[in-house]
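Lifted from TrEMBL, the feature list:
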type: ACT_SITE; residues: A:Thr181; note: active site, nucleophile
type: BINDING; residues: A:Thr148, A:Lys170, A:Thr181, A:Glu261, A:Asn380, A:Ser385; note: substrate binding site
Protein chains: 2
Amino acid sequence: MSITAPAGFAASGVAAGLKASGARDLAVVHNLGPLQNAAAVFTSNRCQANPVIWSKQVASDGIVSAVVLNSGGANCYTGTEGFQTSHATAEAAAEQLGVSAGDVVICSTGLIGEQLDRAALISGVEQASAALSEDEAGGLAAAEAIMTTDTHPKQAVVVGDGCSIGGMAKGAGMLAPGLATMLVVITTDAALDSAALDRALRAATRVTFDRLDSDGCMSTNDTVVLLASGASGVTPGEDEFALALTDVCRDLALQLQGDAEGASHDIAIEVVHAATEDDAVNVARAVSRSNLFKAAIFGNDPNWGRVLAAVGTTDAEFDPYGIDVAINGVQVCTAGEPDQPRDLVDLAPRATSILIDLHAGDHAATILTNDLTHDYVHENSAYAS
Amino acid sequence: MSITAPAGFAASGVAAGLKASGARDLAVVHNLGPLQNAAAVFTSNRCQANPVIWSKQVASDGIVSAVVLNSGGANCYTGTEGFQTSHATAEAAAEQLGVSAGDVVICSTGLIGEQLDRAALISGVEQASAALSEDEAGGLAAAEAIMTTDTHPKQAVVVGDGCSIGGMAKGAGMLAPGLATMLVVITTDAALDSAALDRALRAATRVTFDRLDSDGCMSTNDTVVLLASGASGVTPGEDEFALALTDVCRDLALQLQGDAEGASHDIAIEVVHAATEDDAVNVARAVSRSNLFKAAIFGNDPNWGRVLAAVGTTDAEFDPYGIDVAINGVQVCTAGEPDQPRDLVDLAPRATSILIDLHAGDHAATILTNDLTHDYVHENSAYAS
């Protein structure tokens, strides 16, 4: 169960003909109410796709009735014609669902710089609107329709005290922060207003999707939208809701990491005893973006020098010769000198842990990343063909 | 001819047993005078190797008599014992050459976090000092001794009006800026003081080595040292000398790019009409660090959306929908919309040109990078083994 687990939501996924493979490529999520409150976060990339430009305006008033998502094309850098395609898609959904086009969020994913087939898209919206279902099958079909290089649909649900939260996500490459890092729809039947949803969503994404940095590349289309139907009639405490929402976001983020293109290791880079949380994030992110470090992990090589070489490129507070590094529990470097022999480190498991102790304060953060593999290069060298 | 082309320099390269292969791994460059003026730039990585810590102090007074360089180990994060190894190496060279240890620059390259074999190093210094030669063979042997994953030695020479400049370089991975990006020794028989050498070296490296960003990874050991013997008796004009020095640095930078680990394309990313030179550099560098862009070029895929997605991560001045992109002379994007069909772009040649017009001012800059290939991943996943 996922986005249709909370009461008040219907979803569907159909094959609109946007993907050459004939697979499902268009999803609709409809908030049946009684509330239609929402919050959304978008990529911080300055080069934003037409659906992002459209949807930022839609979400700005905190009311979203439906979300239309398509794979098979990003509709980015496609000019006025591309923007009109996003607009026409929203109009088509509005007509089918009896809502206002100004309350329909549009999300697209795929190749940049190619026009989407507008007629296929609109026909797909009609088909998907007819197929809407409040059952588990509807949520699953939607999660399948937004997949690109994902190998499986990604769903999560947390059931709380009288209300619940469900989510779906797509994303396997171009995963780096900029608020969101992928397309994500989260639903809840909690009765919360848009301002409360916005606070909870920003708190949750800041420590989950924003800390997933699979390949350092920030997408033009990233969107995370949270829809509240209020159908449970329950208004949870804000903190309680934010914690549950964070659990859903973390679950989805870990699924995205685990399905990252070509990856053979899921790497958690934890920085502790940093002077500030920003320092911890910056140091962990610098390591997560070192191709040499990522290639070493692929080769099961505990090359901790490459960790420190990346740490040294940041302006975080630390003494370069006061840093400890542990890999999978083996402390290979203490205060800038070799400690345990590197051949004690077992990098065979997919789950990989890098612990960096800056000895500079009381803050900590973890960035999730992946290794750099032959398969990553292969998948991304032939994507457009 | 390279570092021994200018008058007043002797060089040698020997096998000291630091490399398991038995190849040459230790070089000495001796400035025979009459002047021993020098300038040097070092990595801006905060995690600096012991030879860098030693050599910064040596070069700070503008006098350098000799340079000892070794491959087979970086002597980085090796603690007090490692620093003493650098010191002992300088003492050994000083004794052999009849100079002060405080005027001997030490450069090391190889794996981080392992102690160098000090006895082998000192015995190598003795052997190399005995083999010093002012002939071409001496310069070539030195250039060979500093190779790591380089496939060939890298040398350059510019002959000016009565004086000349020669250079050698090593570097094939961990190539990213931070002043230098590799080990480079440049010699000249021009009669210039240390301050003039420093100004010329900083001007030259800023637009050459600093704009080479093969894999985004900044080394802990980068050093560029410029030695002037004054043996020609000629004092060139400062501007003339800086231009000739820039030519030598550019020549060596292009050789480094052309020999980058596993690369199949040499990519020049030129940003024009930027509001500032910094903007141009930042935009070009962001593109040069996009793994998705680099993997696409490896696959001969002119995926210009990945160029714009990288441009959009910067804070340079531009209108996101006012950018043009050309790949190998084909303008694929004009003002944020598709222009010429991407299949007109021929990416088969190794030399690859990306032209990004920001339409925001009169400044320009070019960053040199490489593609992301299977071979890069392969070479860097097994480096330590």
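Backbone N, Cα and C atoms are what each Cβ position is placed from, and that goes for glycine too.
Features as recorded by TrEMBL, highlighted on the structure.
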residue	record	Cβ within 10 Å
A:Thr148	substrate binding site	21
A:Lys170	substrate binding site	26
A:Glu261	substrate binding site	26
A:Asn380	substrate binding site	28
Problem - Cross-chain proximity of binding-site residues to B (CB under 8 Å), evaluated over A:Thr148, A:Lys170, A:Glu261, A:Asn380 - result: A:Asn380
Handout entry: DSSP-derived structure type at A:Lys170 (substrate binding site), helix or strand or else coil
Key = strand
